[in-house]
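Note sheet for the following structure.
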Amino acid sequence: MVLVDRFGRPVTNLRISVTEECNLSCFYCHREGQMKGKRQMTPQEIERIVKVASNLGIKKVKLTGGEPTIRSDIVEIVKRIRPYVVDLSMTTNGTVMHRLAEELRAAGLDRVNISLDTLDREKYKKITGFDVLPWVLKGIEKSVKLFKLVKLNMVVMRDLNHEEIWDMINYAAKIGAVLQLIEIEVPREMTESWFFKRYFYPLKPLEDEFSKKAVEIRERRMHRRKKYFIPTENGIAEVEVVRSMHNTVFCANCTRIRLTSDGYLKTCLLRRDDLVDILTPIRNGATDEELIEIFKQAIMLRRPYWI
Ligand SMILES: Nc1nc2c(ncn2[C@@H]2O[C@H](COP(=O)(O)OP(=O)(O)OP(=O)(O)O)[C@@H](O)[C@H]2O)c(=O)[nH]1
Ligand code: SF4
Ligand code: SF4
């Protein structure tokens, strides 16, 4: 069984924020659209929710944060949810992957997305607040050897790193990772903010250039994101473009529901008014059937953000 929302969008993915905290402080961070919470789900509670979700056909799970690896029980979380999912991935800043990747792989993690906005140490420090680029690169190179897929997440910012895009494409091809180019995204009310005006770098023109250079273009079902296979000096680079701002096609093909680290189902990254508490019922002894109803209720609240 797969649940479909009122807009005909099947819900097949669950993005779980396991903590709102992070060991870096990127100035553009959206913290998965989460507000500061007073409680945190235990590994057992996360397992329970994933089990219920899998009964509803939601079998792709991504662990996010904040930074998921700062939880000391992250390996236990991976082990507990592994049996219920077909695709188990994590989005991480990569700062501790040089020492954690093996354990995570052994626990059953299939793949990782690692943030990497720049290959320049000074710029990295400026963006994230910490001088840890060499550790991140070590973690990336180790992850490429262990996981079946590694994606590098580059948030493209005007005048800060947009000139590095081709260097990043070459680097990704060299190490055998996929590069994800991510347009800055903000909720509607922030489109007039200084941050958005200063750093937004539209990726549409670049996609047009990729279309001409690519030897192959594929379209993912989710968000209808395009993947370009581009020849480089290091072989074929696989480049995926995440372009969500004012993108009605992206939202119309959104198959995700989110779970905040303090135990609320959340229907959309950019909405803050749509939380459905699932942790309180769990702590009050709800049955699986009651939790399934809570999921259904959240899924029925889902609306595309950009329409
Ligand atoms: N608006 C919006 N942006 C998203 C969504 N999913 C991912 N993004 C953006 O894409 C960035 C990277 O997301 P990741 O956590 O790496 O996951 P992903 O690339 O979407 O997932 P996979 O391709 O399955 O690995 C996020 O930080 C967001 O900026 C979504 O559902 N809606
Ligand atoms: S690493 Fe990710 S979660 Fe941490 S501050 Fe940067 S963008 Fe936010
Ligand atoms: S509805 Fe749109 S903005 Fe909201 S999570 Fe889905 S793709 Fe992102």
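For all residues, glycine too, the Cβ spot is worked out from N, Cα and C.
These numbers come from a predicted model, not from an experiment.
Over in TrEMBL, the protein carries these features:
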{"type": "BINDING", "residues": "ARG15, LYS62, THR91, LYS151, ARG256, ILE257, ARG258", "note": "GTP binding site"}
{"type": "BINDING", "residues": "CYS22, CYS26, CYS29", "note": "[4Fe-4S] cluster 1 binding site"}
{"type": "BINDING", "residues": "TYR28, GLY66, SER115, MET190", "note": "S-adenosyl-L-methionine binding site"}
{"type": "BINDING", "residues": "CYS251, CYS254, CYS268", "note": "[4Fe-4S] cluster 2 binding site"}
{"type": "DOMAIN", "residues": "6-233", "note": "domain 'Radical SAM core'"}
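Sequence features, as recorded in TrEMBL, placed on the structure.
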{"residue": "CYS22", "record": "[4Fe-4S] cluster 1 binding site", "DSSP class": "coil"}
{"residue": "CYS29", "record": "[4Fe-4S] cluster 1 binding site", "DSSP class": "coil"}
{"residue": "GLY66", "record": "S-adenosyl-L-methionine binding site", "DSSP class": "coil"}
{"residue": "THR91", "record": "GTP binding site", "DSSP class": "strand"}
{"residue": "LYS151", "record": "GTP binding site", "DSSP class": "strand"}
{"residue": "MET190", "record": "S-adenosyl-L-methionine binding site", "DSSP class": "helix"}
{"residue": "CYS254", "record": "[4Fe-4S] cluster 2 binding site", "DSSP class": "coil"}
{"residue": "CYS268", "record": "[4Fe-4S] cluster 2 binding site", "DSSP class": "coil"}
For a Cβ distance below 6 Å to any atom of ligand 1, name the binding-site residues from CYS22, CYS26, CYS251, ARG258, CYS268 that qualify, or say none. none
Ten-angstrom check, please: count other Cβ atoms within 10 Å of the Cβ of ARG15 (GTP binding site), all chains counted. 19
Taking CYS29 ([4Fe-4S] cluster 1 binding site) as the reference, which of LYS62, GLY66, MET190, CYS254, ARG258 (the binding-site residues) have a CA within 10 A of its CA? GLY66
Of the binding-site residues CYS26, LYS62, CYS254, which one has its Cα closest to the Cα of MET190 (S-adenosyl-L-methionine binding site)? CYS26
List, in residue order, those binding-site residues out of ARG15, CYS26, TYR28, CYS268 with a Cβ under 6 Å from any atom belonging to ligand 2. CYS26
Candidates near ligand 3 among the binding-site residues TYR28, LYS151, CYS251, CYS254, ARG258, CYS268, judged by a Cβ under 6 angstroms: CYS251, CYS254, CYS268
Considering only the binding-site residues CYS22, CYS26, TYR28, GLY66, SER115, CYS268, which fall within 10 Å of ARG256 (GTP binding site) when distances are taken between Cα atoms? CYS268
Neighbour count, 10 Å Cβ-Cβ cut-off, for GLY66 (S-adenosyl-L-methionine binding site): what number do you get? 21
Using a 10 Å radius around each Cβ and all protein chains in view, which of these binding-site residues has the most neighbours: MET190, CYS268? CYS268
Of the binding-site residues CYS22, CYS26, ARG258, CYS268, which one sits closest to GLY66 (S-adenosyl-L-methionine binding site) when you measure Cα to Cα? CYS22
Candidate nearest CYS26 ([4Fe-4S] cluster 1 binding site) in space, where candidates are the binding-site residues LYS62, THR91, LYS151, CYS254, ARG258 and distance is Cα-Cα: THR91
For ARG258 (GTP binding site), what is the tally of other C-beta atoms lying within 10 angstroms of its C-beta? 24
Compute the C-alpha separation of CYS251 ([4Fe-4S] cluster 2 binding site) from ILE257 (GTP binding site), stating it in Å without decimals. 12
